[in-house]
């Protein structure tokens, strides 16, 4: 029997959400959907109940199939036992397109609602995107008031139990809080020992916005990250002293910042290792060592979208 992953309690409108603090990410799916679906089933067997997807990942369909299979196989009793997050793609970041975009995701997922729906990127695309990087004229500022109005409508319709954002800076969050009828409950952003985002963390905590960290291992083995976290001498020394892996030390550090996280692995043993971080802790001395970890810039939007003026401005604030 796998140990239960702790939950964080979030409040969004009249809904109280219990979100497991470690979720399984589904970005960069394998060429074979059956491989990824099998990985989700293995994750459920290992105790994972939080799954993170997005329309742009192309993983919603196999995730929905895996959840359906998990119920049929008796791995979970019902859909209500899992916490599902998906995201609004930048091509649909207009008020009248938000609800239809979520309905499209729900069809992919074979679900009636998601637990968390978030604005994926803090800008919009002025049309359909077929490849990256996109043309300069395609990248446009987000009409935050109207788009957030669409997000609030998703909440009112019961299509999303919670609503939030991703990759939003302090200034963007302040602007959003000034106009939101339903405040964002969550900001998903990159965080690891190599990118600690202390100012943004402190701001979110002060405003009651929970943080979910993506790339908590520095994006190792992804096409946009590197291995400076997993190959860090600082983390290796701590790991050896604790009898843990460098990955576990990094994840424990993220957890001790008071945030949740999304990890990605299709390897059964690493799934278990990633979730085995809750019955031990880091000492003050170890936390101090990690606080001095050499910082790099986050994986910038410019490296994915293109070095457009708006993108560079957002990058500079992250």
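The backbone N, Cα and C atoms fix where each Cβ goes, and this holds for glycine too.
Keep in mind that this is a model prediction, so the values were computed, not measured.
According to TrEMBL, the protein has these features:
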DOMAIN    22-291  domain 'NADP-dependent oxidoreductase'
ACT_SITE  57  active site, proton donor
SITE      87  site 'Lowers pKa of active site Tyr'
BINDING   120  substrate binding site
Nearest-integer angstrom distance between the alpha carbons (Cα) of the residue listed as 'substrate binding site' and residue 87 (site 'Lowers pKa of active site Tyr'): 5
Stretch-averaged pLDDT - the domain 'NADP-dependent oxidoreductase' (22-291): 93
Rounded Cα-Cα span from residue 57 (active site, proton donor) to residue 87 (site 'Lowers pKa of active site Tyr'), Å: 10
Close in space, distant in sequence - residue 57 (active site, proton donor), Cβ under 8 Å, 6 or more apart: 26, 27, 28, 29
